[in-house]
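Just below is one structure, and these are the notes that go with it.
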Amino acid sequence: MTTDWKSVRLFPIPSVIYLIHNNVQFATLMYVDTSTYQIMGNLKIVTTGILFRLFLKKKLSNLQWMAIVLLAVGTTTSQVKGCGEASCDSLFSAPIQGYMLGILSACLSALAGVYTEFLMKKNNDSLYWQNLQLYTFGSIFNMARLVVDDFRGGFEKGPWWQRLFNGYSITTWLVVLNLGSTGLLVSWLMKYADNIVKVYSTSMAMLLTMVLSVFLFSFKPTLQLFLGIIVCMMSLHMYFAPPHMLVDIPPAIKSDPESLVNVLVDRKTDS
C-alpha cells in the first residue's frame with residue numbers, strides 16, 4: 001500500500017475525467033435519441049485503440065487494428081434498426097452539438113480507461129487499495145457537485161445527504177450491487193489484462209444481453225443483430241488468434257550446414 005503523496009495525487013485525475021464524462025453523456029442525450037447515442041458510443045472502441053497505442057506505447061499489428069474497426073462496425077450493425085421503422089428517419093438528424101458531444105464522450109471514456117490502466121500497472125500495490133483511492137476521490141468530487149447544486153437550489157429540498165436514499169428499493173440495491181461487482185471485475189481486467197480486453201468483454205456482454213432479451217423479454221431478433229454477432233466473432237478471432245492461424249505463412253526452410261560448406265569450398269576453388 002503505497003501512501004506516498006506523489007503516487008496518491010495521480011488518482012484524482014481519472015475521477016475528474018469520469019465525472020466530466022458522465023455529465024457529457026447526459027448532455028449528449030439532450031440532443032440525440034437513444035439509438036443514435038448507442039451507435040455513437042461505439043466510437044470509444046476505436047478511440048481506446050488509438051490512445052492505447054499513443055499513451056501506453058502498446059504496438060498493435062495491422063490485423064489487430066482491422067479487428068478493432070470490425071468490432072466497432074459489428075456492434076454498430078447490431079444496434080441499427082430496420083429502415084422501415086420511424087426511428088430510422090431520426091438516426092442522423094440530430095443537431096451538430098449532439099455529434100460533437102458524442103465524439104467528446106468517446107474520447108473521454110477512452111482517456112479515462114487508458115489512464116486508469118496506467119495507474120493500476122504503475123506499481124504492485126493491492127488492487128483493492130488502488131480501487132479505494134479511485135472511488136474515494138470519485139465520491140469526494142460527486143459530493144462537491146451535490147453541495148453546489150444544493151446552494152444553487154437554495155436548499156429547498158434539504159441537504160443532499162437527507163435524500164440520498166430516497167426511492168431506493170430492493171431492485172435499486174441489486175443494481176448498485178451489480179454495478180459495484182462490475183467495477184471490481186473491470187479493475188481486474190485493467191490490472192492483469194488491458195483496455196482492449198475490456199472493450200471486447202463489454203461489446204460481447206452487450207451482444208449477449210440482446211440474445212438473452214429474445215428469451216426473457218420477447219425481443220424480436222433482427223438480421224442486423226445476427227450480422228453484428230458474426231462480425232464481432234470474426235473480430236474477436238482476428239485480434240487474439242496467433243498470426244499463423246490467420247495468414248498462410250510458408251514454413252521456414254532450414255538450411256543444411258553441409259551444403260553451405262560445400263558451396264563455400266566450391267567458391268574458394270573457383271577463385
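Each residue, glycine too, has its Cβ placed from N, Cα and C.
Positions annotated as transmembrane segment by TrEMBL: 39-56 (among others).
If you look up TrEMBL, you'll see 63-80 (among others) marked as transmembrane segment. Note on the transmembrane segment (63-80): residues 35, 38-39, 42-43, 45-46, 49, 91, 196, 199-200, 203, 206-207, 210, 224-225, 227-232, 234-236, 238-239, 243, 246-247 of its chain, located 6 or more positions outside it, place their CB under 8 angstroms from a CB of the stretch.
Taken from TrEMBL, the feature transmembrane segment applies to 100-120 (among others).
According to TrEMBL, the transmembrane segment annotation covers 168-190 (among others). Sequence-remote contacts of a segment are chain residues at least 6 beyond its ends whose Cβ falls under 8 Å from one of its Cβ atoms, and for the transmembrane segment (168-190) they are 113, 116-117, 120-121, 127, 130-131, 135, 197-198, 201.
Outside the transmembrane segment (197-217) by six or more residues, the chain places 44-45, 48-49, 68, 71, 74-75, 78, 113, 186, 189-190, 225, 228-229, 232, 236, 239 with a CB less than 8 A from a CB of the stretch. Look at TrEMBL and you will find 197-217 (among others) tagged as transmembrane segment.
Tertiary neighbourhood of the transmembrane segment (223-241): same-chain residues 63-64, 66-68, 70-71, 73-82, 196, 200, 203-204, 207, 210-211, selected by CB-CB distance under 8 Å and a gap of 6+ residues from either end. Look at TrEMBL and you will find 223-241 (among others) tagged as transmembrane segment.
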